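Here's the structure we're looking at; comments come further down.
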């Protein structure tokens with residue numbers, strides 16, 4: 001028990017847990033238990049209330065349900081940083097914002113250039129845009145006090161803006177044919193959340209009620225359900241009517257569940273890549289190469305390039321105590337797409353988890369993310385000094 005308590009208190013524990021669950025999924029997907037693993041993910045689960053029903057496989061419940069809860073946390077984090085954190089002013093936000101834009105645009109361009117001759121792969125351009133903040137911060141935490149605090153804050157702010165970009169991409173490009181009745185119910189739910197926000201209600205029950213209705217209606221509307229999570233997160237007031245820091249309290253409560261349950265389960269459900277049908281030629285085919293190079297080369301080129309230009313053009317300043325070599329190391333770590341890239345892959349290509357296109361997409365994510373983690377760690381270790389006692 002003491003060991004477990006100490007483990008969960010480590011900064012790197014969430015990243016380690018993600019890696020363990022991803023490796024477990026890979027092991028099962030390439031063992032004699034392969035069919036049981038994929039059949040387990042395809043188990044149908046039905047939620048019914050009168051004539052209203054949601055019939056999804058376990059995999060879809062993880063991707064549409066549990067990840068919506070994760071995006072509630074994302075919404076709260078973004079709101080807090082915009083109100084009183086690293087994004088609270090133009091001067092604070094401009095440097096990580098430009099870095100995030102570069103880190104989204106360049107990987108997408110590299111993917112498009114590599115896959116431009118294959119129309120069936122065109123939907124995957126957003127996959128290498130993402131950064132898995134839990135994994136990236138987990139790698140940074142392995143170096144402990146060697147890493148300057150301003151550099152950690154820069155990475156966190158960059159990743160939060162990256163999440164905002166992912167939210168916009170999901171809303172604009174991965175919504176299906178829209179249902180007006182479902183959107184109408186969603187609008188009423190949002191109104192209810194706004195009323196709770198304006199009244200600074202401090203009880204969780206109202207947010208859960210309207211949030212649950214919002215999630216179900218958005219799921220049925222054709223807009224991806226994770227957007228409901230973001231809206232719920234933004235609806236939580238910074239303080240309740242008594243002055244209690246409500247947003248911080250909810251965020252503090254939800255964060256461990258996301259780090260130690262939801263994201264590991266997502267990794268377990270999505271990282272299982274069966275390598276039986278994959279050969280050397282397929283590894284170097286356009287889809288995995290477009291994703292892997294987008295993450296491994298596009299992310300550092302975009303993040304570092306935009307940072308360098310921003311400083312040289314005097315649009316922004318380097319964080320205090322941080323140099324360009326350290327920015328380069330963090331830029332490489334931003335290539336750890338992992339869970340967020342897999343999530344965008346599931347939206348881009350859908351279909352069965354065992355389909356060839358999904359297998360190759362996940363292979364590219366694992367290659368790009370894994371190499372980015374190793375190279376980023378080595379660079380950051382080389383470019384930082386041991387902390388003085």
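Cβ from N, Cα, C; glycine included.
What Swiss-Prot lists as transmembrane segment is 7-27 (among others), and the listing cites sequence analysis.
The annotation transmembrane segment is assigned in Swiss-Prot to 58-78 (among others).
Under the heading transmembrane segment, Swiss-Prot lists 94-114 (among others), citing sequence analysis as support.
The transmembrane segment annotation in Swiss-Prot covers 125-145 (among others). If you look at the transmembrane segment (125-145), the same-chain residues 6 or more away from its ends with a CB under 8 A from one of its CBs are 10-16, 18-19, 103-104, 107-108, 110-112, 152, 155-156, 158-160, 162-163, 165-166, 169, 173-174, 259, 263, 290-291, 293-295, 298-299, 330, 333-341, 343-345, 347-348, 361, 364-365, 368-369, 373, 376-377, 380-381, 384, 387.
Positions annotated as transmembrane segment by Swiss-Prot, on the basis of sequence analysis: 154-174 (among others).
Sequence-distant contacts of the transmembrane segment (176-196) (same chain, six or more residues past either end, CB-CB distance under 8 Å): 206-207, 209-211, 213-214, 217-218, 220-223, 228, 231-232, 235. What Swiss-Prot lists as transmembrane segment is 176-196 (among others), and the listing cites sequence analysis.
According to Swiss-Prot, the transmembrane segment annotation covers 199-219 (among others).
Counting residues 6+ beyond its ends, the transmembrane segment (260-280) has Cβ neighbours under 8 Å at 8, 13-14, 17-18, 20-22, 24-26, 28-30, 34, 37-38, 41, 58-59, 62-63, 66-67, 69-70, 134, 338-339, 342-343, 346, 353-354, 356, 359-360, 362-363, 366 in the same chain. Annotation comment: Swiss-Prot describes 260-280 (among others) as transmembrane segment.
Residues or ranges marked as transmembrane segment by Swiss-Prot: 291-311 (among others).
Annotation comment: Swiss-Prot describes 327-347 (among others) as transmembrane segment, evidence class sequence analysis.
Residues or ranges marked as transmembrane segment by Swiss-Prot on the basis of sequence analysis: 363-383 (among others). Remote same-chain residues near the transmembrane segment (363-383) are listed as 22, 26, 127-128, 132, 135-136, 139-140, 142-143, 146-147, 271, 273, 275, 278, 283, 287-296, 299, 323, 325-326, 328-330, 332-338, 341-342, 345 (criterion: CB distance under 8 Å, separation of at least six residues from the stretch ends).
The transmembrane segment (291-311) and the transmembrane segment (199-219) are not in contact, since fewer than 3 Cβ pairs between them lie under 8 Å (pairs 6 or more apart in sequence). Remark: the transmembrane segment (94-114) contacts the transmembrane segment (154-174), by the rule of 3 or more CB pairs under 8 A. Distant neighbours of the transmembrane segment (327-347): 18, 22, 63, 67, 99, 103, 124, 126-132, 134-136, 139-140, 151, 154-155, 158-159, 162-163, 166, 169-170, 174, 224, 226, 263, 266-267, 270-271, 291, 295-296, 298-300, 302-304, 307, 318, 358, 361-362, 365-366, 368-369, 371-373, 375-377, 379-380, 382-384; these residues of the same chain sit at least 6 beyond its ends, with a Cβ under 8 Å from one of its Cβ atoms.
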